[in-house]
Ligand SMILES: CC(C)=CCC/C(C)=C/CC/C(C)=C/CC/C(C)=C/CC/C(C)=C/CC/C(C)=C/CC/C(C)=C/COP(=O)(O)OP(=O)(O)O
Ligand SMILES: O=P(O)(O)OC[C@@H](O)CO
Ligand SMILES: [Mg+2]
């Protein structure tokens, strides 16, 4: 693993431009000590709601990263950009088709030095991202690990995102993934509802992403920051 901009992240909050957040809640999230705010969502993302959320986060010093899921919402001005590729999508459209279509239109504008691809392995079939991309989440652990190895060793993607959005995942899979990668950075997200699950995930993944609980229970969300920072990943 090199010293790329994401390698120091242990804890990240993901905020959805399509959901409401008060100024007070946003301030608490941005001042929480998290390593970065990732802006992204699977549906309802527009240029206007993305610009609006970015400019509100920009009042704070925290790094602000856009996960680009729609060309319409490719907003300039973020610190970094992440482009998802769904590894276990049923159709190539979600693995590489939409991305190459975007490059034909936008390729000359992309700030490559602050942009990285992320190989999404979507393991919760009920997650919006799984439904949108038709991901085959019905994988056993060995099959899932084969995707991780393909992304790391064959495609040499810099980031592998094990996504259980809405449900807490199999930490033994995440641990195995973090242990087996040769160069990729493993991000885990899904179902973290407070410090206990955050700590468990932090022992298994390089980076832990906390999303929906920000909107459902802010205090529990804020408590995940210290929980993650207090432990080290338990793989080597
Ligand atoms: C200067 C300038 C204009 C900068 C922009 C530069 C830039 C980097 C442009 C990118 C160009 C490019 C190649 C874009 C590709 C865009 C694209 C259409 C990609 C496809 C994305 C994709 C595979 C989407 C599928 C769904 C998915 C994996 C989403 C990931 C995010 C996610 C899971 C969010 C969580 O969603 P949420 O709504 O919270 O879900 P729940 O309901 O489960 O909570
Ligand atoms: O919303 P939750 O379930 O915390 O998941 C976080 C993130 O992985 C979503 O893309
Ligand atoms: Mg969400």
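We number each residue from 1, going along the chain as drawn.
Backbone N, Cα and C define each Cβ position, glycine as well.
Binding site for sn-glycerol 1-phosphate per TrEMBL: 14, 161, 162, 163, 164, 165, 166, 211, 212, plus 191 from the candidate set 33, 134, 191, 234. Comparing Cα positions, residue 16 (Mg(2+) binding site) lies closest to 211 out of the binding-site residues 162, 164, 166, 211. Listed binding-site residues: 16, 42, 162, 164, 166. Those with a CB atom under 6 Å from ligand 1: 16, 42, 166. If you measure from the Cα atom of residue 166 (sn-glycerol 1-phosphate binding site) to that of residue 42 (Mg(2+) binding site), you get 12 Å. The 6 Å Cβ screen around ligand 3 retains 211 from the binding-site residues 42, 162, 164, 211, ordered by sequence position. The binding-site residues 14, 16, 42, 162, 166 differ in how many other CB atoms lie within 10 Å of their CB, and the one with the most is 162. DSSP assigns residue 14 (sn-glycerol 1-phosphate binding site) to a strand segment in the three-state reduction.
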